[in-house]
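Colleague: Here it is, the structure, as structure tokens.
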Amino acid sequence: MTGSQGFQNGKTSAAEKHTEHKSLDRDSSSFKSSSNSGFGDLEKPNGFQEPFVKSQAEKKLVRKIALTLMPFVCWILLLQFADKAALSVSAVLGIYQDVHLTGSQFSWLGSMFFLGHLACQPINNIMLQKLPVARYLGTCIFLWGFVMIGTAYCTNFSQLMAVRFLLGLFEGTAMPSVYLIVNTVFRRSEQTTMYGIVTMGSGFGSVFGALVAYGISEMGPQRGINMWRWNHIIFGSLTSLLGLLCFFFLLDSPNHWVLRLTEEEKAITQERTKDNAVVRHQKLKWGQMFESLKEVRYYCICLAVMGLNMQNGALQVFSAQFIKELGDFTPGESILLKAPAGTASLLGVFIATVLARKTGQICLSGALMSTISLVGCIILAVVEQGPAKLAGFYISWFLTGGYSLLITTIGNNVSGYSKKIFYNGSFVVFYTLGNFIGPLVMLERQAPRYTGAMIGFCVGNAVAIASYIIMRFSMARENKKRLANPPEKETDVTLDLTDKQDKNFIYKL
């Protein structure tokens, strides 16, 4: 039963009021013309041939959802990045001397985190289907905060390997959970901006983490505790506090109690659910997962995310010492010079998000951002030393723009609850593989240029560019078929159809 059916009996319903006061929404495009071949931003509340409109009441609801959810999301992603990157700044805060690490052992500590990330994904996919997302994620955040604090008490390489694995295991729940929540509560036309904000949270984490670490480097050892240990204690405490807040207050469904929806807003929420095509089901639908494995788009996304994140993992783990090797910098200066990299990451996501929204071309925008990242990697590969190499390092962080639009592609173009979870889980698996491989190709004997690694990162960006182009071509071809033979009636969203089964579904290119 839809919202407009539920309030009849001779009285004007909240949903009817919503319909009466509709106005065109600039963020969503109508069915423009057959010459566009379905490339526009099409909504699906009444079949894909009708223009989508949004009332003032709905716009107010969207603001309420965004202001309630997105601050939590930003802090989750900020602390997630700062926590996993704490190892990077530890390299210039004394961990090598304190725990007697070698360069190869440090590389393994960077990669071990992502092994935990990888091990998390199969069970995480099941838990997201079976458990309330906010309670589950809040518990995992609380636990990884304790793991961060425990890292400060490690005294040898073996102990550090164990806690890095556990940190990756618990942190591996964050991204799939956040992606699923955004898929659930926002319309497809709203998701490009929201995924941009999600990815920018990591950029803020880089800047925030660098500033806190710089403060720690200036204060020096306190109470007999070395600087790198304080870094883990401070971030671990903040993370555990955030976990408690998420457990009780994180919005994870369109009808969550924290929104305090009015009757009109409840009716609007039912209409919005038809568009984002995400209705929670606790039953695993294996057929939807097998359908994913038959799609070219699935493999394009997996290869692209792995290609981009090889350099992400390497430059993230080695960034502070990499910068230090580019010039005669003190440990504090090396940490501060990480902040522009975070700013470049933020700028890359911002440009990608605005470009995709203005042009309606998600795949081409992603290919462009990957090309800019490729230029940065080429500079790192060919320039031996000096300011140009540092500039190449910063430019390479535009990879986050390409990366964020891969997430947007999944959110906008995959429907079916189990299928969406499978896509999100696979995304994180290949994200993890890329980040795992990245630090290992930074061979100690090739320092400080790491030529072999930089060439590998160039190849990874090229793979991402090619993947975006192939995805766009395949989805455009399917759009043409569907627009040439439109269905007679709208889809019942409660059937939990996949994008392949639902012929009303138009892919956003």
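Even glycines carry a Cβ here, placed using N, Cα and C.
Not measured: the values here are computed from a predicted model.
Straight out of TrEMBL:
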COMPBIAS  1-12  compositional bias 'Polar residues'
COMPBIAS  14-29  compositional bias 'Basic and acidic residues'
COMPBIAS  30-40  compositional bias 'Low complexity'
DOMAIN    69-479  domain 'Major facilitator superfamily (MFS) profile'
REGION    1-43  region 'Disordered'
TRANSMEM  65-82  transmembrane segment
TRANSMEM  102-121  transmembrane segment
TRANSMEM  133-153  transmembrane segment
TRANSMEM  165-182  transmembrane segment
TRANSMEM  194-216  transmembrane segment
TRANSMEM  228-251  transmembrane segment
TRANSMEM  298-323  transmembrane segment
TRANSMEM  335-355  transmembrane segment
TRANSMEM  362-382  transmembrane segment
TRANSMEM  394-414  transmembrane segment
TRANSMEM  421-441  transmembrane segment
TRANSMEM  453-471  transmembrane segment
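So that I understand the layout, could you describe where these features sit and how close they are to other parts?
Modeller: Below 8 angstroms of C-beta separation, residues 137, 141, 171, 174-175, 178, 181-182, 185-186, 194, 197-202, 204-206, 208-209, 212, 235, 238-239, 242, 245-246, 249-251, 254, 258-259 of the same chain, each at least six residues beyond the ends of the transmembrane segment (65-82), sit close to that stretch.
With a cut-off of 8 Å between Cβ atoms, the residues of this chain six or more beyond the transmembrane segment (102-121) that come close are 84, 87, 91, 96, 157, 160-161, 164-173, 176, 313, 316-318, 425, 428-429, 431-433, 435-437, 439-440, 442, 444, 447.
Same-chain neighbours of the transmembrane segment (194-216): 66, 70, 73-82, 85-86, 89, 93, 178-179, 182, 186, 227, 230-231, 234-235, 332, 335-336, 338-339, 341-343, 345-346, 349-350, 352-353, 400, 403-405, 407-408, 411, counting only residues six or more beyond its ends whose CB sits under 8 Å from a CB of the stretch.
Residues 84-85, 87-89, 91-92, 106-107, 110-111, 114, 292, 329, 331, 334-335, 337-338, 341, 370, 373, 377, 390, 393, 396-397, 399-400, 402-403, 406, 409-410, 423, 426-427, 429-431, 433-439, 441-442, 448, 450, 453, 456-457, 459-464, 467-468, 470-471 of the same chain lie 6 or more positions beyond the ends of the transmembrane segment (298-323) yet place their CB under 8 Å from a CB of it.
Within the chain, the transmembrane segment (362-382) has long-range Cβ neighbours (under 8 A, six or more residues past its boundaries) at 192, 304, 308, 311, 348, 351-352, 355-356, 388-389, 391-402, 405-406, 408-409, 412, 450-451, 454-455, 457-458, 461-462, 464-465, 468-469, 471-472, 475, 508-509.
Listed as Cβ neighbours of the transmembrane segment (421-441) (distance under 8 Å, sequence separation of 6 or more from its ends, same chain) are residues 107-108, 110-111, 113-115, 117-118, 121-122, 124-125, 128-129, 168, 172, 175-176, 179-180, 288-289, 292, 298, 301-303, 305-318, 406-407, 410, 414, 450, 452-453, 456-457, 460.
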Colleague: With Cβ-Cβ distances below 8 Å as the criterion, list the same-chain residues six or more beyond the ends of the transmembrane segment (335-355) that contact it, or say none.
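Modeller: Beyond its ends, the transmembrane segment (335-355) has Cβ neighbours at 88-89, 92, 192-193, 195-196, 199-200, 202-207, 209-211, 213-214, 217, 315, 319-320, 323, 329, 361, 365-366, 368-369, 372-373, 390, 393-395, 397-402, 404-405.
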Colleague: Cβ under 8 Å to the transmembrane segment (165-182), counting only same-chain residues 6 or more beyond its ends: which ones?
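Modeller: Residues 69, 73, 76-77, 80, 83-84, 112-121, 124-125, 127-128, 133, 136-137, 140-141, 143-144, 147-148, 151, 191, 194-195, 198, 250-252, 278, 407, 410-411, 420-421, 424-425, 427-428, 431-432 contact the transmembrane segment (165-182) from elsewhere in the chain.
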